[in-house]
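Taken straight from TrEMBL:
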- 26-58: region 'Disordered' (REGION)
- 85-511: domain 'Major facilitator superfamily (MFS) profile' (DOMAIN)
- 86-109: transmembrane segment (TRANSMEM)
- 129-154: transmembrane segment (TRANSMEM)
- 161-180: transmembrane segment (TRANSMEM)
- 192-213: transmembrane segment (TRANSMEM)
- 220-239: transmembrane segment (TRANSMEM)
- 251-270: transmembrane segment (TRANSMEM)
- 321-345: transmembrane segment (TRANSMEM)
- 357-377: transmembrane segment (TRANSMEM)
- 384-403: transmembrane segment (TRANSMEM)
- 423-443: transmembrane segment (TRANSMEM)
- 455-475: transmembrane segment (TRANSMEM)
- 487-506: transmembrane segment (TRANSMEM)
Amino acid sequence: MASVSARPARTAATLSTTSIASRASASAAPSVHTPPAASTTSLPVPGSRASVATTGEDIELSDLPTQTEPIVAIDDVQAPTRSRQLAISIASFFVIFTSCGMLFSFGVYQEIYQAMSLEPNTPFTGASAAAIDIIGTLTATFQTMGAPITTAFIRRFSPRVAIFTSAVLFIASSLLASYSQHLWQFVLTQGVLMGLATCFAYMTPCTVAPTWFGARRGLAIGLILSGTGIGGLVWAPAIQALNASLGFRNTLRVSGAITTGLIVVSGFIIDWDPVSKARHAAERERERLMDAERRAQGLPAKRHRRIVPLVSWRTARSGRFCAQLLSAMLQAAAYYTPVFFFSAYARTLGYSAREGANFIAVNNACNAIGKILLGLAADRFGRINMLLLSTAVSAVCSFALWLPSTLTSSLHAGQGLFVTYAILYGCFASAYVSLFPTCLVELFGPQNFASVNGVLYAVRGIGSLFGTPSAGALVDHTKTTPFGYHNMAIMVAALLAASSVSLVWVKIECRKSPMPGPL
């Protein structure tokens, strides 16, 4: 094996296997020597397409910058241990439990604020349900719309820094919202700022955790993202109880403090897997060398870096990317609407405010169960197949259960249909969220995961931004009966059906080209 005393950072051309005379230079690069009997070996040269071929003769290289630091050998990195995978899973679960659990409990705040809109001298007096829903919609929107920037932030700094950033944003948004006096202030604090906090908290496990697992990736991510449902199961009744005893302002402060504490503790554990960490170290080393070269040429450094990872044109124009993008946007446009309006809709069926909050809790419990079970099934029957199943069943349930519950004249029948819908929708619709990132790895390969993941999550944010407020605007507030929500039910069912059709398109594209390749 050839011994290399220093590796060149760049060379002008491929060097032949025979002895090459050095250019006239006072400071020639060190020579590369192999024993006479050694076989020909090709040495890659970083920053260039050139390579150095060696046989048994000394080779003198031209006077160009050299790199003496060791190059990271990704293939030699040890596989993650089971204990480390378990620690990452638990920490990621608690981050999702606290951040997304709060988001999935916004339906309680929606019902509280809607009740306050009928009272005088409150921040929400006279506000419509659609106007109040903008708060939760913006939280859900920024949770995913900021994904490209958040993903770049995680790669540029570290997952730990991203988690700590989310903790700071959470406590700031909760405290500022607790002192807000007008609806627009709640929109900015509990909506936009808390949405950014949720984005950093949510995207970090979604970006980091999938790379820690292989064959059991679907089950692992299902367990981690079940934190959204379990968090909602815990937070929904907790927020209702805190509001009844402390008022909504102190509820915001207490929940913000608890959320921040749990996120900070979890942040000390979450990190890249060994292979990804080595890859990022190699990328930073390459960037350092390119900066040094540009400075040597009198050019400003860092211009070559792309701050936000973008999807390549070849990937963006592929059929599978377009189909997955359309499905993601349509599903997101429908997904949060039932969750945000469960409590308010339950009131039209004769349930109390506490019972309405319990509906959110039940839905979130089914949310967690569905993510785990469908994640386990995805590892056996195919992740894309389970993604299609979850969306199709959600659409069928919306057409067959929620819509009839808004039309029936029997209150008892409407309650039965709605209870069944809350359970099934929680089990199946939520599984889309956990299966989504695992399918992206399967569809586009690990090499494209970061860029595709960020862009498609941003598209989901756009879908949420337009879908949920539009559905809220369809509520007929002149009616206090379930019929006032029938247009909303139709819209949700239609969007989920269209998303299912788009996933069929994804399946067709996969049959055309089974392997993702270097898209």
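Each Cβ is built from the backbone N, Cα and C atoms, and glycine gets one as well.
Between the transmembrane segment (161-180) and the transmembrane segment (423-443) there are fewer than 3 Cβ pairs closer than 8 Å, counting only pairs 6 or more residues apart in sequence, which means the two stretches are not in contact.
Same-chain residues lying 6+ beyond the ends of the transmembrane segment (192-213) with a Cβ under 8 Å from its Cβ atoms: 80, 84-85, 88-89, 92, 95-96, 98-100, 102-103, 138-147, 150-151, 153-154, 159, 162-163, 165-167, 169-170, 172-174, 176-177, 220-221, 224-225, 263, 270-273, 275-276, 437-438, 441, 446, 449-450, 453, 457.
Remote same-chain partners of the transmembrane segment (455-475), defined as residues 6 or more beyond its termini with a Cβ less than 8 Å from a stretch Cβ, comprise 128-130, 133-134, 136-138, 140-148, 203, 206, 310-311, 324-325, 328-337, 340-341, 436, 440, 484-485, 487-488, 491-492, 495. Of the recorded ranges 129-154, 384-403, 423-443, 487-506, the transmembrane segment (220-239) has the largest number of C-beta contacts under 8 angstroms with 423-443.
Within its own chain, the transmembrane segment (423-443) has Cβ neighbours under 8 Å at 206, 210, 217-218, 221-222, 224-226, 228-229, 320, 324, 328, 331, 335, 338, 362-371, 373-375, 378, 383-384, 386-387, 389-391, 393-394, 397-398, 401-402, 449, 452-453, 456, 496, 506, 510, 516, counting only residues six or more beyond its boundaries. The list of residues near the transmembrane segment (86-109) in space but at least 6 beyond its ends in sequence, with Cβ under 8 angstroms from a Cβ of it, reads 135-136, 139-140, 143, 163, 166, 170, 190, 194, 197-198, 201-202, 204-205, 208-209, 212, 220, 223-236, 239-240, 243, 248, 255, 258-259, 262-263, 265-267, 269-271, 273, 339-344, 356-357, 360, 364, 367. Against the transmembrane segment (321-345), the recorded stretches 129-154, 357-377, 384-403, 487-506 differ in Cβ pairs under 8 Å, and the greatest number is found for 487-506.
Counting same-chain residues at least six beyond the ends of the transmembrane segment (384-403), those with a Cβ under 8 angstroms from any Cβ of the stretch are 218, 327, 331, 334, 338, 370, 374-375, 377-378, 417-418, 420-421, 424-425, 428-432, 435-436, 439, 442-443, 486, 489-490, 492-493, 496-497, 499-500, 503-504, 506-507, 510. Confidence across the domain 'Major facilitator superfamily (MFS) profile' (85-511), taken as the mean pLDDT and rounded to a whole number, stands at 85.
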